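Asks: One structure, as structure tokens, below. Some questions next.
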């Protein structure tokens with residue numbers, strides 16, 4: 001053994017079986033130097049395994065990061081598997097209280113979202129009495145303190161969604177069967193409910209009168225003809241090489257740049273609230289908070305007659321597009337129809353709160369009014385009969401306008417929403433959301449597919465009815481926009497009035513500013529454009545009527561006189 005120690009100085013040689021075989025060979029052979037000479041190249045071979053053993057060394061401390069829970073002996077492969085599993089390795093780490101609360105909050109928000117998504121897919125009655133009946137069958141309070149109809153319906157929807165998520169769909173089906181049995185027992189085959197002995201028709205709708213049906217037929221027939229003419233004119237402008245629409249727009253905008261103050265007149269003793277040109281541009285009607293409307297001759301602005309009859313302030317005035325009849329709206333909850341001589345023709349009563357705006361249908365036979373009772377109504381100007389009471393806004397309805405074809409109506413209100421209605425069917429076909437504050441003015445473009453709105457957020461939005469979205473937002477004024485009007489002939493420009501004491505003209509092609517009409521000393525409440533687009537009238541709280549005319553129009557008139 002001493003000879004072996006001397007011949008094999010490597011202490012690791014005794015640990016490897018390869019080196020042990022080499023040590024036995026010299027004992028039997030008389031030449032011990034030959035294996036020792038071979039040993040140096042063989043000895044480094046067992047030394048090579050340490051590099052692989054050095055590779056996992058950085059991975060070995062990983063289990064020590066985890067708390068001592070008996071799992072520290074897991075291998076690297078198990079760690080990799082646990083990392084891939086993700087959520088299964090989560091409990092192995094210590095979670096702070098803040099993280100736990102955040103996870104609970106996130107999970108609750110997720111469940112609430114799923115609950116709302118499930119609730120949105122459920123069919124819930126729209127009739128309030130039917131909602132109360134179903135709540136009673138579910139064993140829930142029929143109504144809560146201060147609860148309104150829509151809130152009660154939403155509560156029923158969430159209760160049904162909760163029962164559905166808890167697996168109590170059989171209970172819901174049983175309640176529906178009971179309701180159906182109650183309907184059959186009452187002999188109602190058209191889908192009604194019976195609550196406390198009272199028959200309720202469902203689905204809920206308002207039955208229209210025969211006069212409304214005839215009006216819808218007439219409006220539909222006339223709108224088809226006007227739409228065909230409008231499309232024919234648009235195709236001619238597009239395909240006719242002699243028609244240069246860009247040149248026409250450029251001429252109209254250059255003409256609009258020359259608008260200047262032509263005349264200013266005191267309109268009343270109190271602030272003015274509305275103005276409107278007649279269809280031929282020969283008359284201008286104004287109204288004030290005294291409740292009196294006045295008719296002025298154009299262009300010299302001479303008083304012709306006064307329309308007295310309202311007991312409260314007048315809020316708006318407008319001329320009929322087919323004749324010289326004038327409609328006025330007032331805070332006394334009525335609208336009145338007059339002729340140019342000041343004779344009262346009809347009084348339209350029915351609104352439950354003060355009126356805001358009034359507008360004639362293109363046929364001239366129908367009148368639309370908006371009110372703070374959250375409705376707008378359609379009246380027959382020949383009979384004075386109320387044809388339509390239209391709900392749909394959650395807050396007061398302020399502005400109204402009719403499509404040039406007569407097929408559509410647009411209403412806007414203090415709920416920051418603009419709705420487009422199909423008068424021929426009575427349906428709300430568009431809900432235009434974009435304004436962040438009440439919308440006060442709305443106007444259709446003569447091209448048939450652009451709609452402009454303005455409101456308390458100081459912006460004017462242009463909507464494309466074909467794409468059903470906002471096309472452009474104009475940061476128009478530094479204060480709320482009180483009224484907005486398109487040029488009525490071709491719609492090449494639009495005019496906005498504002499409480500910043502100015503009115504502005506905008507291009508309808510790229511919606512850039514064209515002209516600022518400044519001259520009023522108080523809030524500008526209303527604006528209107530004459531039929532040929534050559535004059536603009538504005539009224540203000542400074543009690544003045546200002547007429548803005550194009551210099552080019554004056555030159556043309558002078559040439560005609562010559």
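From the backbone N, Cα and C atoms, a Cβ is placed for every residue, glycine too.
Automatic prediction, not curation, is the source of TrEMBL annotations.
Taken from TrEMBL, the feature region 'Disordered' applies to 1-101. Sequence annotations record features per position, and here TrEMBL assigns compositional bias 'Polar residues' to 9-23. The compositional bias 'Low complexity' annotation in TrEMBL covers 30-40. Feature annotation from TrEMBL assigns repeat 'WD' to 307-339, 348-389, 390-431, 432-473, 474-516, 517-558.
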Asks: Over the repeat 'WD' (474-516), what is the model's average pLDDT?
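Replies: The answer is 94, the mean pLDDT of the model over that range.
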Asks: Within the same chain, where does the repeat 'WD' (348-389) have neighbours whose Cβ lies under 8 angstroms from its own Cβ atoms, ignoring anything closer than 6 residues to its ends? I mean 6 or more beyond.
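Replies: Distant Cβ neighbours of the repeat 'WD' (348-389) are 206, 208-209, 211-212, 215, 218-219, 222, 226, 312, 315-323, 325, 327-337, 395-406, 409, 411, 413, 423, 426.
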Asks: Tell me the residue counts in helix, strand and coil for the repeat 'WD' (390-431), as DSSP assigns them.
Replies: 0 helix, 24 strand, 18 coil
